[in-house]
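Structure, as structure tokens:
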């Protein structure tokens, strides 16, 4: 309101305020709001859907805060009796698992919400499609739908739900890690191209120096991390799995670094280099660390967390149960990656083929807004959508599953609902995703040589 009235509020601003509120219940273009900043319809819609995802994530985080988690048992039927919502027997102290189960149900609600839109928005080609109005408008009703699904999710009888949904989370998280790697590879290539282009245009050595410094920092951090992994997650005798996994990923990172600077690779892709390889190496080491943090052997995993509902000795561990370093880093990467998906279109045609539909929007709406001199949101998808609605919601669905697994550390209750354990499944899924990411990056390097007739610019 201050923007509309020059910083001073008076009763005459009520009408403008109602117009602003109408944006939330109406369509993303917000064409009635003269004070809205210049923005594309597609960007606003993606940001609002991302806001829903972040809102669900915030609720999940609140639910696993120890003080809040201990209060969840006060909800009617939430933690008592065989007929309870969670299906936990009366002789089990389910207070240790309420946060875990609440996050699973919140993750289910978000995944169901985005799955609904994934199916609903298949093959939408422009904003003239009636379904595009659902994508870009009715935000208040969408919020009500999300709230309704969330409430319903907490009434799902437990039974096999937690065990089955765990594997849905594993598969979804694996796919989202691959999407993260694709975006990371794209980001690293774009980063290198921009800096090299700036260096060539300005003929300044400062850009080359910055490239070298950043690359050195990434590699130095990776080497330090590998040393720490060997120190804390392996022992002189035993812990063979950890030693093998760290060594394999270290060797693979050295291989991709060497391949990235081969003369033939440089000739086919002049912008490829150690900056991209160093960034991929650093991310691979992080995934390796995250995997080792799930090794279910206490002697080989000093960060292993155990929650035993029948052991009073574990009571002192509850306040810090889920806030370990890999989860915090994973949460930060999740936020950055999701914003990246929502805000940016790739500079690379191959990534656009994955993220966007064939018909991309023109700039007629932007030109019209500029000519009118008004700062407002405008519909930039009349000629064709600028991103695949369905694939975007699929990405958010996978993101919801990934954050669900991240906030619960990929742990699951045992068959007797007595202990939350970290299964080997989590370790191998993360390690396999790191290998898939390294192979994917290697393919981006050698593809122009293997398929010389295709355009990989």
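Cβ atoms here come from the backbone N, Cα and C positions, even for glycine.
Bear in mind that the values here come from a model prediction, so they are computed numbers and not experimental data.
If you look up TrEMBL, you'll see 17-35 (among others) marked as transmembrane segment.
Sequence-distant neighbours of the transmembrane segment (47-68) (same chain, 6+ residues past either end, Cβ-Cβ under 8 Å): 28, 98-100, 102-103, 106-107, 109-110, 113-114, 117, 139, 142-143, 146, 150, 318-319, 321-322, 334-335, 338-339, 341-343, 392-393, 396, 399-400, 403-404, 407-408. Among the features that TrEMBL reports, transmembrane segment is placed at 47-68 (among others).
Summarising the annotation, TrEMBL assigns transmembrane segment to 102-124 (among others).
The transmembrane segment feature in TrEMBL is assigned to 136-156 (among others).
Taken from TrEMBL, the feature transmembrane segment covers 162-185 (among others).
Beyond its flanks by at least six residues, the transmembrane segment (206-232) meets 192, 195-196, 198-199, 242-243, 246, 250, 253, 273-275, 278-279, 281-282, 285-286, 288-289, 292, 302 of its own chain at Cβ-Cβ distances under 8 Å. Residues annotated as transmembrane segment in TrEMBL: 206-232 (among others).
Annotated transmembrane segment per TrEMBL: 244-262 (among others), in sequence order.
The feature transmembrane segment is assigned by TrEMBL to 274-292 (among others).
Long-range Cβ contacts of the transmembrane segment (325-343) within its own chain (Cβ-Cβ under 8 Å, at least 6 residues beyond either end) map to 43, 46-47, 49-50, 53-54, 57, 179-180, 183, 187, 286, 289-290, 293, 303, 355, 392, 395-396, 399, 402-403, 406-407, 409. For 325-343 (among others), the entry in TrEMBL reads transmembrane segment.
Taken from TrEMBL, the feature transmembrane segment covers 386-407 (among others).
As annotated by TrEMBL, transmembrane segment applies to 427-451 (among others).
In terms of C-beta pairs under 8 Å, the stretch of 136-156, 386-407, 427-451 lying closest in packing to the transmembrane segment (102-124) is 386-407. Of the candidate ranges 136-156, 386-407, 427-451, 386-407 contributes the most Cβ pairs within a distance under 8 Å of the transmembrane segment (162-185).
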